[in-house]
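Below is one structure, written out as structure tokens; comments come after it.
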Amino acid sequence: MTNIRKTHPLLKIVNHSLIDLPAPSNISAWWNFGSLLGLCLMIQILTGLFLAMHYTSDTATAFSSVTHICRDVNYGWLIRYLHANGASMFFICLYMHVGRGIYYGSYTYLETWNIGIILLFAVMATAFMGYVLPWGQMSFWGATVITNLLSAIPYIGTTLVEWIWGGFSVDKATLTRFFAFHFILPFIIAALVMIHLLFLHETGSNNPSGIPSDSDKIPFHPYYTIKDLLGFLVLILLLMLLVLFSPDLLGDPDNYTPANPLNTPPHIKPEWYFLFAYAILRSIPNKLGGVLALVMSILILAIIPFLHMSKQRSMMFRPISQVLFWILVADLLTLTWIGGQPVEHPFITIGQVASILYFSIILILMPLASLIENKILKW
């Protein structure tokens, strides 16, 4: 008799995705981030669901409902901080996952890569709207500043912004709709994840060498199930360290002041995971130009597959590209730092140099390095 997991219509899908899936024998810990992102999404949906049971999306009560969750709900503080810091872990895993894709040339799987970019945008939108919900000072002013950027769109900009706000400023209507979208988007993300995996399983995983691994496959279970579980353990440990020892480390103290439209905080800045894009936005003195640079800083990922000039897929055997890749990582860290600094000398100049370098590495230097490496191969 054939095993039920191979015949049952539902279990068959699980079997082909998680048990009998042929996987490369040499994928490193950098391939753990996909499953870690799945874990993060599950943590966020569960903690978010329990938070939504006690949260009220009304300007008069939103802030106090969050306070109520932290003070009066059983383990409410734990759920709230798991959700807030879970978002940080989510973005750490996301950026590592994307970085891995760039380093090892995984972007050559076009469909998987493009769904991944859509997922990145969806997660960023969800995180932004979630940050508005506690209705603190940074929530309110962050929402005001970021939504206002859309007014830079010619002709329809102002109308669009007022349509999104549901009025002439960020107010009750805005908060209510942001809560609605923040609730629905993670489920859309979960559906997109399924499509992401569907396309990935059409080709199979890439591996560090970038060489096809069809001749050397191992079953996903038990090898990579146990490896993923170890990853889960490390992620949960780090998340718990953050939540139980310094839950407000990555947050903004301004968000413990209730939203006040009459009082602007001295430094409006987003959460740390958006600071690099915020720095790129601020480094251009023109509003529309800044918005375009902001969008392009993420959308540039869609161009990367077409800039692949190398004869090799992975950067494993490409020292010049490796150096450029790590300069790019350092540049992104610099941008993250600059995004959190006030707009004054020398930070303005550093931000502008780092922004130019960011686009130069991806659009010009990386393809050039690939061509040079191709030449070196012939020597």
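Cβ from N, Cα, C; glycine included.
What Swiss-Prot lists as heme b b562 binding site is His83, His182, and the listing cites similarity to another entry. Summarising the annotation, Swiss-Prot assigns heme b b566 binding site to His97, His196. What Swiss-Prot lists as ubiquinone binding site is His201. For 33-53, 77-98, 113-133, 178-198, 226-246, 288-308, 320-340, 347-367, the entry in Swiss-Prot reads transmembrane segment, with the evidence type similarity to another entry.
The Cβ of the residue listed as 'ubiquinone binding site' has 14 neighbouring Cβ atoms from other residues within 10 Å, across all protein chains displayed. Distances between the Cα of His83 (heme b b562 binding site) and those of the binding-site residues His97, His196, His201 are shortest for His97. Across the structure, His97 (heme b b566 binding site) and His201 (ubiquinone binding site) place their CA atoms 17 angstrom apart. In sequence order, Gly48, Thr126, Met129, Gly130, Leu133 are the residues near His182 (heme b b562 binding site), counting only same-chain partners six or more apart with C-beta under 8 A.
Scored by C-beta pairs under 8 angstroms, the transmembrane segment (347-367) has its highest count with 320-340, from the stretches 33-53, 113-133, 226-246, 320-340. According to its DSSP assignment, His201 (ubiquinone binding site) is helical. At the 8 Å Cβ threshold, with sequence separation of at least 6, the transmembrane segment (77-98) lacks contact with the transmembrane segment (178-198), having fewer than 3 such pairs. With a cut-off of 8 Å on Cβ pairs spaced 6 or more residues apart, the transmembrane segment (113-133) and the transmembrane segment (320-340) reach fewer than 3 such pairs and are scored as not touching.
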